[in-house]
Each structure stands twice: as structure tokens, then as C-alpha cells.
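Here is the structure we will look at.
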Amino acid sequence: MSAIIELKKVTFNYHKDQEKPTLDGVSFHVKQGEWLSIIGHNGSGKSTTIRLIDGLLEPESGSVIVDGDLLTITNVWEIRHKIGMVFQNPDNQFVGATVEDDVAFGLENKGIAHEDIKERVNHALELVGMQNFKEKEPARLSGGQKQRVAIAGAVAMKPKIIILDEATSMLDPKGRLELIKTIKNIRDDYQLTVISITHDLDEVALSDRVLVMKDGQVESTSTPEQLFARGDELLQLGLDIPFTTSVVQMLQEEGYPVDYGYLTEKELENQLCQLISKM
């Protein structure tokens, strides 16, 4: 599958007198239809990277290629039409008096016909389970509902790429998991490419690949399973250790023959059943 996003040796500084560049020769690609999670400590360059992809910042050197086109000042608006952004705080994203108005806002700015806008808004709200709230004021929604509306606003624009900048970080665990599953379903149904900046293990686990950033560089790229198998190193990368990984480590220390690496809860359950049956 071809790459829809590619960064080649991208360097960026916010200030000319910086001791270290914010991004230092960053190179990676994202395949069409892929879900890539980007993790790393604060200041590692995660948010700067996605702002370069969306054309909000311009690299000092290197190139950013989106959907086959080199991102330049002349085509930046064309590129942005292909990208939907959802940020951490949903309250900063609302501009409409009602949910319906808010989702329609971007479409109206593009000059889309009224009937098409109505159809797109209804479809987008249905995808995120918010069709019964379209007459509500955004201020009266819960945090999870607000983020669903923000995602609907992005999806209604029919982008090829959705970027989530810690979009689930302000939600409670239940709301976070529900939102992640909603995004996954939309991604699977419409073959959208998803990039998520996150510290959430559930979000990382649903990714196809994980890119780890450290000090403005790409530290590694791997599958979620390979990442979780790094054990205690995860703490240094800004992630918690998954519950199943902790259990596996504990069993191994006690001498039990459990497979090394990350296991889902179901896989761990199966291994424990096998161990018990041999006792």
C-alpha cells in the first residue's frame, strides 16, 4: 500500500538561537488507510510534526509530502482540505450555536450546496452516534459528546486523513474507550488514514504502527505488540506498562513458562488456563 504522508529529513526550529533543533532530520511515512500512533515525552516534537504535516508550520529543511504532493505555500490550502484535525480541548473547536450548525460550519465555508450540507451533517452525526443531539447547544454536552461532534465535523469534510492531537486525553476511561472505538469503526469503514498523538494504551493498542519520538528525532517505529514488549522502557517513553505485560513479567520472575512479549487480555487468559491445566 502506498504512502499518503512522507517526511524526508525534516528539520525545524521555533527560534534561531535554539541549542537543539525542535525536529532534527525526521523521516517517516504513513500508509494509506493506516493508523499511526505517535508517542513521546512533552517536548519530543510530536505536535510540531503534525503541524508541519497540516502546513501550519514550514520546515527549515527537508520535505513534507501529502497524498503525492510536496507541501508548499502555494498548495497548502488544497492539502488542508484533505486533513481533518481534532484537538485536545473540544471547547476550543466549537463555533456554531448548535451541534448541527457546528458540523455544518466548515462545509458552508467551502460553498457546498445546502442539500449536500444537510446530508453530510446528518450522516456524520449518525456515524458518531450524535444524531439525536443536533439541536443541542455544544456547551450542554459532556466531554465525550463534544469530541464526537468534533470528529463529526472533521468527517463531514470528507478528508483522506484525520489527525488526533491527544483528542481523548481529557475524557474519563469509559468515554475515552468509546471514542477510540468510534474512530476505529469510521477508519475501517471509510479507509481513512489516522494519526494520533497519545499516551493512552488502548489507543496505541488499536494502531497499526507506533512511532516513538525522542529529543526531536524518531527513536523507533514498531507494532504495538513490539512496543509493549519493551517492558520498563515504556515508562521512559511516557507510557504506562500494560496490565498484561506486568502480569507476564511477574509470572516469568516466578519461573512460570509464559510467552515473552505483549499479550491481549484474552491471550493472557488462555495462557493462564494452559498453565493451570498442567499443574
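In case you wondered, yes, glycine gets a Cβ from its N, Cα and C as well.
The domain 'ABC transporter' annotation in Swiss-Prot covers 5-240 and is backed by sequence analysis. The ATP binding site annotation in Swiss-Prot covers GLY40, HIS41, ASN42, GLY43, SER44, GLY45, LYS46, SER47.
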| request: Using the recorded ATP site (GLY40, HIS41, ASN42, GLY43, SER44, GLY45, LYS46, SER47) as reference, state which further residues of the same chain have their Cβ within 8 Å of the centre of those residues' Cβ atoms, listed in sequence order. | output: THR48, MET213
| remark: If you tally other C-beta atoms within 10 angstroms for each of the binding-site residues HIS41, LYS46, the top scorer is LYS46
| query | Across all chains shown, how many C-beta atoms besides its own are within 10 angstroms of the C-beta of GLY43 (ATP binding site)? | reply | 13
| request: Within 10 Å of the Cβ of GLY40 (ATP binding site), how many other Cβ atoms can you find? Include all protein chains, please. | output: 23
| request: Let me know how many other Cβ atoms fall within 10 Å of the Cβ of GLY45 (ATP binding site). | output: 24
| query | Of all the binding-site residues given, ASN42, SER44, SER47, which has the fewest Cβ neighbours within 10 Å once its own Cβ is left out? | reply | ASN42
| field | Mean per-residue pLDDT computed across the domain 'ABC transporter' (5-240) | value | 91
| request: Indicate whether LYS46 (ATP binding site) is helix, strand or coil by DSSP. | output: helix
